Amino acid sequence: MVDGPPKLTNPSPASNSLHIIGSEMAKTPIGDHASNPSWFTPKRLLIIFCVINMLNYVDRGAIASNGVNGSLKTCSESGVCTPGSGIQGDFNLSNFQDGVLSSAFMVGLLVASPIFASLAKSHNPFRLIGVGLSFWTFATAGCGSSFDFWSIAIFRMLVGVGEASFVSLAAPFIDDNAPVTQKTAWLAMFYMCIPTGIALGYVYGGFVGEHFNWRYAFWGEAILMLPFAVLGFVMKPLQLKGFAPAESKNATVGPETEGPGLSNVNGGVLIRNELISNNASNKASKSRGAFKMCNQFPRFLIDMKMLLLDKVYVVNVLGYVSYNFVIGAYSYWGPKAGYNIYHMNNADMMFGGITIVCGILGTLAGGYILDCMDATISNAFKLLSGATFLGAIFCFISFCLKGLYGFIALFSVGELLVFATQAPVNYVCLHCVRPSLRPLSMAMSTVAIHIFGDVPSSPLVGILQDHVNNWRETTLILTSVLFLASGIWFLGVFLDSVDRFKLDSENQSVQSKATMKPLLEGEDDEMPDTSTGP
């Protein structure tokens, strides 16, 4: 058996010292050197990710606002016509087409999320976020430049591609860097940006649409996101727990090319030998790269099988799908329903204000309560079921009331309770699987809650409203789905659950030492391959 790579003959003292330094470096996890730049403190990372997440959802709120979404041209019985406004008025869209626009981003998200999650195993996740944000910036600018239904629908799909990398990778980064006793609270701060972003989107879209033009809302979003897209490429990349450093996987220099001039004959450097060895190394690199690409799909299928066989994960996602079915329709149709039921002249501002206050307080409260309860998967399911059930009761009763002020009071309490689920549900997604599966867990959870949740809910609610032509009945039918979500999460309390976050810690430590590159790169990288030989 070969114990290691070929050793240099007559090594110089300098060479020996370099090997010693390399060995000492290998004793320290790579995260302490490459993946924790001094400027990127955990709190700064959280702040940056929160701002990016908020911009993602500002876009969702803006396209749903009356100022950007607009309305169709209407004519009274006396023949007086009111011109259309916003996207719906400019492109003459039906309610169904209008609902499709809110869900079109899901096509890109569905395709790209598993791809980005799989690529995280062979490419640095922080760079992948930069690529995704670049797509997002381009696509939102394109939405502002669209000229008909199909053009804006295509750009909305590309927005989903851009969002895919961030939604699957940001939460694991935060989970890695959060203090042990505040993990749920940090996740709560991150997911607090969802209702906050949607609410700001209502206000932002309403203001821009009223004072300028709906197109400027999308152009403004692209300008705001551009610096963060650039940041993903220029900042020193971070590394996720459960993944070997991307640099070590890309190390393709073999021991034969460990510095020109090491092969000497009669004191002369053989340039030809160096060129030959470099060429061989490049060919080996390409072969390994092709092998990795071919190996991605079978590995993805194995990982997917592990997720689908995990009862805790499946129950959690099923409840999340039902929950998001309602929340997605609320966020899109809420201002329009409020305007028609309670004749709100400032429906965008009203729903935006309720959502931002209740979203912030509810999400932070959910994370804080779970940390106080002792953050376990079983306790998370208890909180999810109870908060959703109580929130559903308050929301249902609020839509039964005829008075505006009674509706606002009860609906605010309902939203406060409903938004308390954001941190616990994502805590379960992150901790019921091994660390190496977290990006895929988040990606498939996001895909599921959209493709089975808010993607069909917006057009289906539009169809339901076209059929019954009564927004009060429509909202009551929609709200009843929250009771289903509460029941599904209640089942999770009785499942055997194990927090697998620490399961890979020991393996990762061993892997980091094995893949750490010494100053003379290549020797340690080749050792795992040669040590398995006959």
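Just so it is clear, glycine is given a Cβ too, placed from its N, Cα and C backbone atoms.
Automated prediction, rather than curation, is the source of TrEMBL annotations.
Taken straight from TrEMBL:
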- 45-498: domain 'Major facilitator superfamily (MFS) profile' (DOMAIN)
- 100-119: transmembrane segment (TRANSMEM)
- 126-147: transmembrane segment (TRANSMEM)
- 153-174: transmembrane segment (TRANSMEM)
- 186-204: transmembrane segment (TRANSMEM)
- 216-235: transmembrane segment (TRANSMEM)
- 312-333: transmembrane segment (TRANSMEM)
- 349-369: transmembrane segment (TRANSMEM)
- 442-464: transmembrane segment (TRANSMEM)
- 476-495: transmembrane segment (TRANSMEM)
- 508-534: region 'Disordered' (REGION)
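For the transmembrane segment (126-147), the partner stretch with the most Cβ pairs below 8 Å, chosen from 100-119, 186-204, 312-333, 476-495, is 100-119. Nonlocal intrachain contacts for the transmembrane segment (153-174), taken as residues 6+ away from its ends with a CB within less than 8 angstroms of a stretch CB, comprise 45-46, 49, 52-53, 56, 59, 63, 100-101, 104-113, 115-117, 120, 125-126, 128-129, 131-140, 142-143, 146, 186-187, 190, 238, 240-241, 426, 429-430, 435, 438-440, 442-443, 446. The stretches the transmembrane segment (186-204) and the transmembrane segment (349-369) are in mutual contact, each linked to the other by at least three Cβ pairs under 8 Å (pairs 6 or more apart in sequence).
Taking every listed stretch (100-119, 216-235, 349-369, 442-464, 476-495) in turn, the largest tally of C-beta pairs under 8 A with the transmembrane segment (312-333) is reached by 442-464.
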